[in-house]
Amino acid sequence: MNEQKNDQGAEHVQRLTEYIKPYIEKKKQWQPDLSHLDLKATLLKNLGGTEKDWTSWQWQMAHRLTTIDLIADLFNLTEVEKQEIESVTLHHRMALSPFLAAHLASMESPLAKQFLPSVLELKHFCDGEPDPMNEGHMSPVPHITRRYPDRVILKVTNVCGSYCRFCQRRRDHGSTDHHIPKKELEPAFEYIAQHEEIRDVLITGGDPLTLTNEHLEFIFEKLRQISHVELIRIGTRMPVVIPQRVDSGLTELIKKYAPIYINLHVNHYMEISPEMKSACHELLMSGAVLGSQSVLLRGINDSDDVLRYLFQSLLAIGIRPYYLFHAKDISGTAHFRTSVAKGVQHIKSLRGFTSGLAIPSYVVNMPGGLGKVPLLPQTYLSSLEDDPILFQTWENKTVSYPNKTLSSEVITDD
Ligand code: SF4
């Protein structure tokens, strides 16, 4: 009997090992690509910067690449390719930090596809909506969006360290950078103060970490003065695109106004550079609570293994994957969208195959700003009222589960 049990145990372990082998092999090929070190030297030379400049987030911001010229030289683009990209930027501007440009690796890399303009944007210009979330109509006062009962979004800038081509707020990017002046934010703080039910404020933009520490402190201080605001959250991509942004001034602020919840936007493991890791470490050491949100993007991260590696890599550096968003129906971004069925399949591929902590909620945002709908793979095959209920396990085994509960008359105090 014991021998039989041992055999079964060995078979079980063998099966588990077989499941994970192909992924382990694939992961080995995804080791860090250091080719960006060459590009960094070329970029510094072309931008007239020094090694010290490279470490300054203000220098990175001031030297964002807003035309394709330098990228065209770095990656030997043809004149036609260059002109195509230029025609897209007439409709929607580009900006790429030198740090990010140095990490692009190639024109086909997951980073290039997310940040460099593509002619497909013009092809799909009339598909989708400029504001599918209807934020324009959910704003009781300027710079506030209110979609749920107890929380609001506070938009403090239209500026980002680099512009993602699929951004849900690309309509706000415009042609110039604009941080909302402190005075102009006052009605937003008054609104929050007058509504005691608002306990959670998500500071977003653009990217709020493009503001100076002094401007950020003004916002934190205002919010901490409102006693019913329990949660201050920041949505940012700066640790990915300009990790230099996490300076000692910022970490001091995070300590002073703790707890600050920071939700990073990360879509591919290639975004997790050594500098990004170190920035996140500083944020963690300052007491920030880190989570991530990702967007499911066709041809970039719509692969079971890429997502698994992304979420595991985030968790390994202290960032809890929070949301995987289905890409929204935004004008000019149809080429980034996958099917919802594929999104659910990706989540199914993670269940059981990695830690639950590494699995975010897959959500579809309803049009018109009607909120998020989380989607889970089907895990029960009969009615939950049945006895037994038929469940499906992560290995696709069907299991009959007794649905026994005591009726309330049977439960007594004695
Ligand atoms: S960083 Fe965020 S706000 Fe800025 S372009 Fe990317 S997705 Fe949009």
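Glycine is treated like the rest: Cβ placed from N, Cα and C.
What TrEMBL records for Cys160, Cys164, Cys167 is [4Fe-4S] cluster binding site. Per TrEMBL, domain 'Radical SAM core' is recorded for 146-367. Residues or ranges marked as N6-(pyridoxal phosphate)lysine in TrEMBL: Lys372.
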May I ask for the distance between Cys164 ([4Fe-4S] cluster binding site) and the residue listed as 'N6-(pyridoxal phosphate)lysine', taken between their Cα atoms and rounded to an integer number of Å? 21
The rounded CA-CA distance in Å from Cys160 ([4Fe-4S] cluster binding site) to Lys372 (N6-(pyridoxal phosphate)lysine) is 24
Take the Cβ of Cys167 ([4Fe-4S] cluster binding site) and count every other Cβ within 10 Å, whichever protein chain it belongs to. 20
These are the binding-site residues: Cys160, Cys164. Which one scores highest on other Cβ atoms within 10 Å? Cys160
Can you tell me how many other Cβ atoms are located within 10 Å of the Cβ belonging to Lys372 (N6-(pyridoxal phosphate)lysine)? 15
Whole-number Å distance separating the Cα atoms of Cys167 ([4Fe-4S] cluster binding site) and Lys372 (N6-(pyridoxal phosphate)lysine) is 17
Where Cys164 ([4Fe-4S] cluster binding site) sits in the secondary structure, as DSSP reduces it to three classes: coil
